[in-house]
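Features reported for this protein in TrEMBL:
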- 199-248: domain 'Cationic amino acid transporter C-terminal' (DOMAIN)
- 33-53: transmembrane segment (TRANSMEM)
- 110-133: transmembrane segment (TRANSMEM)
- 145-164: transmembrane segment (TRANSMEM)
- 170-191: transmembrane segment (TRANSMEM)
- 198-220: transmembrane segment (TRANSMEM)
- 226-246: transmembrane segment (TRANSMEM)
Amino acid sequence: MVATMAEETKNPARDIPIGLVGSMSMITIGMKWAKYLVSICALKGMTTSLLVGSMGQARYMTQIARSHMIPPFFALVHPKTGTPVNATLVITLLSSIVGLFSSLDVLSNVFSISTLFIFMLMAVALLVRRYYLRQKTSQEDLMRVLGCLFVIIASSAVGTALWNANKLGWIGYTVAAVVWLIGTLAMSFLPKQRTPKVWGVPLVPWLPSLSIATNLFLIGSLEPDAFWRFFLCTAFMLLYYIFVGVHATYDVEHQNSQDFKDVKPTDEPNHAPFVT
């Protein structure tokens, strides 16, 4: 949720890394006495977690609305506070309705697998962004990047499956780990196409590759019913994206490009050709 607030921070290049590293450090220090403090503050913690969750999800909806995959009404922001009021209200209302009529176990499993899957995709996207640049990366290098990604993801998935099935023992885990290591090592020798201007993830591709393996391992520890619900929801969203989202985003991109071409060179720099 810290990452989704980047648009509303005064200095995101400085504040977002501090917020991410700080929050993750505080919840992984392993202090036993902290569990009593957490227990006392459980009610307050659940309330703030729900509020922060609504805020983060509203920002996702805002970005989706800006691409016109859903009505642009949800991308409108308050003129004074600069926050997406419409998206926040809708997300909070829908979440409350779903939470009222759904089982906690079902919600926790679906939420967990969705979040872990998104985190895995973020790691994949980071690798693609670092190693692929359209109209610059050669076809041969692109195939190498895709091949390394396939090896990393496949070895992580196989290792997770072997762990849950409890087959082959340490031999299977070792083979999967070695294949993952080879795929990551091969990617580390590929030429990078982008370099972060201010702050970027260090130890690329090792940290993103480890994130992929970790998230897939955690996904494999969830209940089987969570996978069926996740696949059904994902299938519905893919169909919506194919038949609606692709056309909507293409039209917006085409319109933005046309508006940019129509801007005269003498126009003032502060006058943007379009407003999202």
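Cβ coordinates come from backbone N, Cα and C, glycine included.
Predicted automatically and left uncurated, TrEMBL annotations should be read as such.
Since we're looking at a predicted model, the values are computed, not measured.
Mean pLDDT for the domain 'Cationic amino acid transporter C-terminal' (199-248) in this predicted model: 89. Beyond the transmembrane segment (145-164), the same-chain residues lying 6 or more positions past its ends with a Cβ under 8 Å from any Cβ of the stretch are 124, 127-128, 131-132, 137, 172-173, 176-177, 179-180, 182-184, 186-187, 190, 205, 209, 212-213, 216-217, 219-221.
Taking pairs at least six residues apart, the transmembrane segment (198-220) and the transmembrane segment (226-246) share fewer than three Cβ pairs below 8 Å and do not count as touching.
In terms of C-beta pairs under 8 Å, the stretch of 33-53, 170-191, 226-246 lying closest in packing to the transmembrane segment (110-133) is 226-246. Through the fold, the transmembrane segment (170-191) approaches residues 127, 131, 141, 144-145, 147-152, 154-156, 158-159, 162-163, 205-206, 209, 213 of its own chain, all at least 6 residues removed from its boundaries and within a Cβ separation under 8 Å. Within the chain carrying the transmembrane segment (226-246), a Cβ under 8 angstroms from the stretch's Cβ atoms is held by residues 67, 69, 106, 109-110, 112-114, 117, all 6 or more beyond its ends.
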